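What follows is one structure encoded as structure tokens, with my remarks underneath.
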Amino acid sequence: MRIAVFGAGAWGTALALAFSRGHEVVLWSREAAEIAAMRSDGENRRYLPGIPLPANLQLTDDLQEAARADLHLVVTPLAGLRSTARALQAAAPDTPLLWACKGLEAGTAKLPHQIVAEELGPDAACGVLTGPSFAAEVAQGLPAAVTIASSDIEFARYWVQALHNNRLRLYANDDLVGAEVGGAVKNVMAIAAGVADGMGFGLNARAALITRGLAEITRLGIALGGRRDTFMGLAGLGDLVLTCTGDLSRNRRVGLLLAEGKTLPDILEALGHVAEGVSTTREVAALSAKLGVDMPITNAVDGVLNGTLSAREAVEQLLARDPKQE
Ligand SMILES: NC(=O)C1=CN([C@@H]2O[C@H](COP(=O)(O)OP(=O)(O)OC[C@H]3O[C@@H](n4cnc5c(N)ncnc54)[C@H](O)[C@@H]3O)[C@@H](O)[C@H]2O)C=CC1
Ligand SMILES: O=C(CO)COP(=O)(O)O
């Protein structure tokens, strides 16, 4: 099968590597310079250094050429999903589409599948690939398990069968909303965990944060139409635990650096990669307020990111809440 991966950052490159073990894969970047550098370096030195690119992996900055494929897999930051989906719809309509971006669209609070439905139509054959998966580990061939979720379970099952291998294990799910909410909001919680750890609050506090974070994710997800059991699976708890505890997480690193007193612009410049939680937090805070869903951790992170709260004030605000039933 010919699989086209759109977005040659850390995760797009790692997925291209993973799937090139069993398929013909073409990796596209909108940046001609990124493709030229990968060709001459034999690796993606900017986003995934130290991992050689296999000879059978095709590299291109020509979207028309890449779009001639059996599957389109969009792995840009969420901010690039709409324009990439639109370009693919023009170049090769009716090609099955998966995306691996996590977050809520800045300014609209839309989930990725809502963006795709607007660009490809409501009946497009599509779904999300999401779950606990640090690019650096997947690229090294270390084991991982992720979910393909689609409102059409047969679509999810088909692509699980086609893409599954014994290093990147895939599971099918028909709860697209739940899977996307899990992947989006865990990044908010990872920033919170980074702040708490950076301030030295300890392991008990981190476990409390993950557990109460899962409660927030579940409340929002159910309000949006997701299913409770999805939040206990790979796209929910799995990704939440990974990102809140693993130092490979960019979102967790944002929190750690905020706790050190660094400013957000400096942090983002030093990171050199997208940290989706930064823009998603604002959207989740606004959406939960609109829906009347209680999300105190999200609101605290929002306060820190928009500069109305210091990291210490945010923690004090959370600790001062009235006791509640679990
Ligand atoms: N890195 C990881 O371990 C994982 C990342 N993800 C998700 O995958 C998405 C991509 O993340 P990374 O690859 O890590 O990002 P990255 O920051 O490493 O790379 C971003 C890439 O996207 C390109 N890009 C930026 N804006 C674009 C646009 N508007 N249109 C087309 N291309 C654009 C950049 O040139 C670069 O090649 C994010 O939504 C992230 O949450 C999901 C699972 C794991
Ligand atoms: O989504 C991820 C792992 O599943 C990667 O998380 P970060 O974007 O925080 O690095």
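Placed from the backbone N, Cα and C atoms, the Cβ positions cover glycine too.
Heads up, TrEMBL stuff is auto-annotated, nobody curated it.
On a predicted model such as this, the values are computed, not experimentally measured, just so you know.
What TrEMBL says about this protein:
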type	residues	note
ACT_SITE	LYS186	active site, proton acceptor
BINDING	GLY7, ALA8, GLY9, ALA10, TRP11, GLY12, ALA135, ARG250	NAD(+) binding site
BINDING	TRP11, ARG30, TYR47, LYS102, ALA135, ARG250, VAL274, GLU276	NADPH binding site
BINDING	LYS102, GLY131, SER133, LYS186, ASP239, SER249, ARG250, ASN251	sn-glycerol 3-phosphate binding site
DOMAIN	3-155	domain 'Glycerol-3-phosphate dehydrogenase NAD-dependent N-terminal'
DOMAIN	175-316	domain 'Glycerol-3-phosphate dehydrogenase NAD-dependent C-terminal'
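The structure, with features from TrEMBL marked on it.
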{"residue": "GLY7", "record": "NAD(+) binding site", "DSSP (3 states)": "coil"}
{"residue": "GLY12", "record": "NAD(+) binding site", "DSSP (3 states)": "helix"}
{"residue": "GLY131", "record": "sn-glycerol 3-phosphate binding site", "DSSP (3 states)": "coil"}
{"residue": "LYS186", "record": "active site, proton acceptor", "DSSP (3 states)": "helix"}
{"residue": "ARG250", "record": "NAD(+) binding site", "DSSP (3 states)": "helix"}
Residue among recorded positions LYS186, ARG250 with least C-beta crowding, 10 angstrom cut-off: ARG250
Max pairwise CA distance, angstrom, over record-listed sn-glycerol 3-phosphate binders LYS102, GLY131, SER133, LYS186, ASP239, SER249, ARG250, ASN251: 15
Contacting recorded positions, sequence order - ALA10, SER133, LYS186, ASP239, ASN251 vs ligand 2, Cβ under 6 Å: SER133, ASP239, ASN251
Rounded Cα separation (Å) that holds between ASN251 (sn-glycerol 3-phosphate binding site) and GLU276 (NADPH binding site): 7
Candidates near ligand 1 among the binding-site residues GLY9, LYS102, SER133, ALA135, SER249, VAL274, judged by a Cβ under 6 angstroms: GLY9, LYS102, SER133, ALA135, VAL274
Binding-site residues: TRP11, TYR47 - member with fewest neighbouring CB atoms within 10 Å: TYR47
Binding-site residues near SER133 (sn-glycerol 3-phosphate binding site), in sequence order, restricted to ALA8, TRP11, GLY12, LYS102 and a 10 Å Cα cut-off: TRP11
CB contacts for GLY9 (NAD(+) binding site) [other CB atoms within 10 A, all chains]: 21
Cα separation, ARG30 (NADPH binding site) to ALA135 (NAD(+) binding site) (Å, whole number): 20
Integer mean pLDDT for the domain 'Glycerol-3-phosphate dehydrogenase NAD-dependent C-terminal' (175-316): 97
